[in-house]
């Protein structure tokens with residue numbers, strides 16, 4: 001993952017992607033703050049699909065607060081949920097990160113700044129720079145390219161804090177999900193509360209993975 005984001009144009013500075021080993025407190029304490037984002041990989045199951053549909057109906061009916069500074073894009077590219085998850089993590093923290101001049105990340109951020117969720121998805125789908133970066137990462141052994149038509153049953157979502165609220169960013173959903181009050185200091189704990197609720201929907205399922213974008217001062221780095 002770290003090499004892939006470098007190929008997208010991230011300049012190594014004070015932050016890196018770090019494995020979060022589990023949801024228990026001792027594992028969270030191993031993640032060196034500050035935490036900018038949490039990426040969560042989980043299996044798509046009937047229980048969480050039903051919840052997703054009910055959540056969509058509820059929010060459309062009652063509304064929610066969404067920061068105008070929040071970056072969100074829908075996912076229309078097959079099997080690109082990992083890349084979309086990374087974009088949600090990186091572009092919502094671009095003021096704290098550095099992107100290489102002329103890179104995919106810099107160009108995509110500029111091209112999508114004032115676009116809608118759907119327009120961003122189209123730009124991402126048509127961007128040849130993303131194909132080049134993905135091919136580079138795959139050749140380097142960091143990514144196993146999957147045929148576009150091949151179905152997969154896992155999905156990446158990203159949690160970030162923006163303007164005092166915790167947001168879940170999932171390209172399969174119609175919009176970001178506001179999970180209530182949060183702060184940069186409590187982002188990891190607040191996001192983990194949501195993660196635990198997802199895991200509780202199918203407690204026998206063990207195929208969960210979490211990666212935090214956090215301080216490069218320590219921790220177990222995700223390659």
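Placed from the backbone N, Cα and C atoms, the Cβ positions cover glycine too.
Features as listed in TrEMBL:
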{"type": "DOMAIN", "residues": "1-215", "note": "domain 'UCH catalytic'"}
{"type": "SITE", "residues": "75", "note": "site 'Transition state stabilizer'"}
{"type": "ACT_SITE", "residues": "81", "note": "active site, nucleophile"}
{"type": "ACT_SITE", "residues": "155", "note": "active site, proton donor"}
{"type": "SITE", "residues": "170", "note": "site 'Important for enzyme activity'"}
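Location within the structure of each feature annotated in TrEMBL.
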| residue | record | DSSP (3 states) |
| --- | --- | --- |
| 75 | site 'Transition state stabilizer' | coil |
| 155 | active site, proton donor | strand |
| 170 | site 'Important for enzyme activity' | coil |
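Counting every protein chain shown, the number of other Cβ atoms lying within 10 Å of the Cβ of residue 155 (active site, proton donor) is 19.
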